[in-house]
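Okay, structure first, notes after.
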Amino acid sequence: MASALVKLSIALTCALLLSSACHGLEVGYYKNSCPGVEAIVRNEVKKFVYKDAGIGAGLIRMFFHDCFVEGCDASVLLDPTPANPQPEKLSPPNFPSLRGFEAIDAAKDAVEKACPGVVSCADIVAFAGRDAAYFLSKMTVKINMPAGRLDGRISNFNEALSNLPPPFFNITQLIVSFAAKGLNTEDMVVLSGAHTIGVSHCSSFVSDRLAVPSDINAALAGILRRQCPANPTAANDPTVNQDVVTPNALDNQYYKNVLAHKVLFTSDAALLTTPATTQMVLDNANIRGLWEDKFNKAMVKMGAIGVKTGNQGEIRRNCRVVNH
């Protein structure tokens with residue numbers, strides 16, 4: 001009965017998407033072809049997250065950055081080659097800040113030993129994002145992540161620039177960016193909550209939050225000015241915690257920080273610039289368990305963006321290169 005309800009929930013989520021991207025996705029997709037895959041991935045992710053919570057934050061971010069560019073197809077994992085010297089992972093939204101590639105490599109290696117040629121890198125990225133959320137939330141965020149994605153063959157530097165919303169976006173730009181992927185305003189507010197973990201380079205916020213008048217909390221601004229150079233460069237661009245209260249916990253503290261004006265990005269502060277999104281922030285900050293439940297659903301919905309099936313994709317043997 002429970003599994004039937006989960007499948008119904010997935011089906012309803014898919015029906016709400018603007019595309020047919022959910023085609024072929026299913027919870028327990030590998031139950032016959034590679035029954036141990038989800039436990040294998042979770043075990044590898046656990047090793048990395050317990051050693052460095054920042055890798056867990058990176059894996060959640062990687063899932064988002066993968067899905068927003070070419071769909072959830074592991075295109076973000078592809079290394080540069082002579083034929084494609086400028087893939088997504090070298091684009092400014094991803095390089096040098098995106099982390100977790102070594103965790104995906106370890107998970108893929110372990111999976112290939114158990115079930116060679118069966119499990120896509122795209123599904124491993126989705127499982128790893130889910131598992132990172134599970135461990136960083138002290139096992140309170142339990143995402144029913146369907147699988148069945150194939151790996152893409154295209155990875156483009158400029159596509160990352162044009163599809164990933166930058167930290168200086170205002171509320172209108174954020175809503176439009178997420179709507180283009182079939183995600184609504186509430187999905188955007190909920191997924192922004194992932195900024196409760198991880199770090200940011202100073203270059204992502206100094207120019208529009210510290211160098212000019214903004215609504216950032218004065219005490220936080222003072223701390224950040226001591227941590228960040230006034231003009232960050234590639235050689236001098238330190239990182240700071242995104243959530244100064246619970247930096248290594250996936251929780252609803254982010255929304256409390258938004259209300260207190262203790263957030264780094266213009267895109268974070270933007271959530272208070274419309275009545276509707278302000279109410280969502282208030283609810284996520286004050287209603288126990290609400291954000292975690294919504295985050296579960298939003299991650300599943302995001303995981304259905306642009307899924308490749310049939311001859312649109314492949315199952316890579318090595319997540320860093322396309323098959324030949």
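The backbone N, Cα and C atoms fix where each Cβ goes, and this holds for glycine too.
There are 20 other Cβ atoms within 10 Å of the Cβ belonging to Pro165 (substrate binding site). Annotated substrate binding site per TrEMBL: Pro165, in sequence order.
Its own atom aside, the Cβ of His195 (heme b binding site) has 21 Cβ atoms within 10 angstroms in the protein chains shown. The heme b binding site annotation in TrEMBL covers His195.
Annotation source TrEMBL lists Ca(2+) 2 binding site at Thr196, Asp243, Thr246, Asp251.
Marked as domain 'Plant heme peroxidase family profile' by TrEMBL: 24-323.
Sequence-distant neighbours of Asp251 (Ca(2+) 2 binding site) (same chain, six or more apart, CB under 8 Å from its CB) are Ser137, Thr196, listed in sequence order.
On a Cα basis, Pro165 (substrate binding site) lies 25 Å away from Thr246 (Ca(2+) 2 binding site). The CA atom of His195 (heme b binding site) is located 7 Å away from the CA atom of Asp243 (Ca(2+) 2 binding site). Residues near Asp243 (Ca(2+) 2 binding site) in space but far in sequence (CB under 8 A, at least 6 apart, same chain), listed by position: His195, Thr196, Ile197, Ala249, Gln253, Tyr254, Asn257. Summary: among the binding-site residues (Thr196, Thr246), the fewest other C-beta atoms within 10 A of the C-beta are counted at Thr246.
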